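**Student:** Structure in structure tokens, see below.
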């Protein structure tokens, strides 16, 4: 009966997964097995009394059993849908024995595990078996193995479900069925070579079957007896049965059947301890449709093994919360208007403001028709503590009444005209006039002493009569002063002309300078040139050929000849020549720095000091040079006294070549000559217009001319140089008179750069220097 109940439960669990044909064939086979198993036992009393040793059936009974078993043997193998075996020996056999002696060894064992049920031990097995007769036990020796859907076994790929029948009793004893079951997604151990055959205690099974058959009310055997022995028994898990709406349902989800092997090769259990069933089974009513002679029992309740503790259930991690949605920033609203500005609670208030006792109230601007007739208002007096502001000056054209008394501490402005009747000490000299160190040995010139009349004429407010004769006299004096200054080749400053010669005629100094230029051009053939517009520096150059002025018959003729050679070296080296290059060219001429020349003197001082001071050369440091290096360039005076074209012609004449042989230098010199012609034409036009406006004509050069009134004392100590000796002034007189008659004696010619008075020694000296100094020019 237990076998029938087990087979029926297995059928209900398998019908959900098997096909229709397999289900029909399985039902037919099970019904035949049930009919055979319901045969009356031969000796029930003996089987119940002696569970350890069962009596074999007679020969006739054995023959009947063999015939029935042969007829009921199934021929088809079933395989659970989507099940996978992982071992070569995973064969599920449902066999039937013919020998009564082998019946105890072929007791069927079915292990079931409910769906999603948790096993509580590897050794907990539920056996629902009932002892039957010898024929029944012998006939019902088939074991059915079912596996849940998608369950996986690790027995091998050749696992099949066979319903076999043994024809020999001995073969039946050795054909012990092996039905491993395993739950979904669980794994069983692969069988090994030393797997032992299953041994079932015949006595215990016979006794328990006999008790269940005779007395349906007897409770189920204890869990300890239901467990298999340690020598290789299988662990079976039986799913609990529930009655829902009067129908018996059974869910097979996880069936674990583990084939037992030797003690050394068996896998260790997952949990410690052994599983034991409850001591008192609970019985329930038979479900509808169950046979009346079958006692329906509920599965034994599981108890926790010794030492077992509930494990903390794995908590589901909290769902990840999505970040809060980004909020739209608030729209910009109108800015809050400033309602209440900060107001000082206690502003500082002057309690007693200073009040002038007699404030001067300005009535408004008053236009006085006659400022000279200004009279004090009646009753007006100067305040006693009144002082003039430190930087205050009166209007330039305002004069007070003739009887206006000046305060005793009233400061006079620096340009205030002195009264005409103020007496001057006999030895009074202005503080800004230069005094030489040996001024005690010098006799001051009467022209240097200011006269009362000259001081009175400096009054800008007084109407100055335009005396042409007086202006021409100052212009002639300025001509002599310029020629004296230019004799030393030092540029002349405008401030020096105003201080030394023009003096009180500062308001008409442009006319005096223009008259002096007219005299220089018409009488001496010299032109006054302003070479620096910022510092207002002037030089004198000869017209129309400046080179004649450079190579004139003066005491500096050798120096100016050397200067012409130096200008050529600079021009042919790209308008600049380093100090090393220039000294190398001079060494080839026999001139060495540090060696004093009989005509030129100290060469280094001549090049780096005298020529630089006279603005013939420009001596400067090379930028970013370490150690410092210096180079030479053309000075401002050189551009006006000569030109690049004249220097290039001089070099070509010395080497007997054409100036156009040096194309780059010739084009540069030609461009400069054209620019100079344009500038000279514009300047000549401006001067002609100014002279017409001022009324300057040929009468300016008429009349006697004398050099006796030249004031040598106007030269400074540095400018005098060789003029410290009075006898050295004689060459200047000759030089001035030479220029006075130069225009009438020498015609204007452009024959070449070497132009001088009748082929004098200056031309020959420059030519000799050039022949030696320009041999390197190619």
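Yeah, the Cβs are placed from backbone N, Cα and C, and that goes for glycine too.
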**Student:** In Swiss-Prot, one of 1-20, 21-40, 41-60 is tagged region 'Disordered'. Which stretch would that be?
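**Tutor:** Based on what Swiss-Prot states, region 'Disordered' spans 41-60.
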**Student:** May I ask you to name which of 92, 619, 630 Swiss-Prot has annotated as phosphotyrosine?
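**Tutor:** Among 92, 619, 630, the residue Swiss-Prot annotates as phosphotyrosine is 92.
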**Student:** Of the ranges 376-412, 487-523, which one does Swiss-Prot list as region 'Disordered'?
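**Tutor:** Swiss-Prot lists region 'Disordered' for residues 376-412.
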**Student:** Choose the correct range: of 143-169, 440-466, which one does Swiss-Prot annotate as region 'Disordered'? Give that range.
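**Tutor:** Based on what Swiss-Prot states, region 'Disordered' spans 440-466.
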**Student:** Compute the average pLDDT of the predicted model within the domain 'MAGE' (471-669).
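**Tutor:** Across the residues of the domain 'MAGE' (471-669) the model's pLDDT averages 85 on the 0 to 100 scale.
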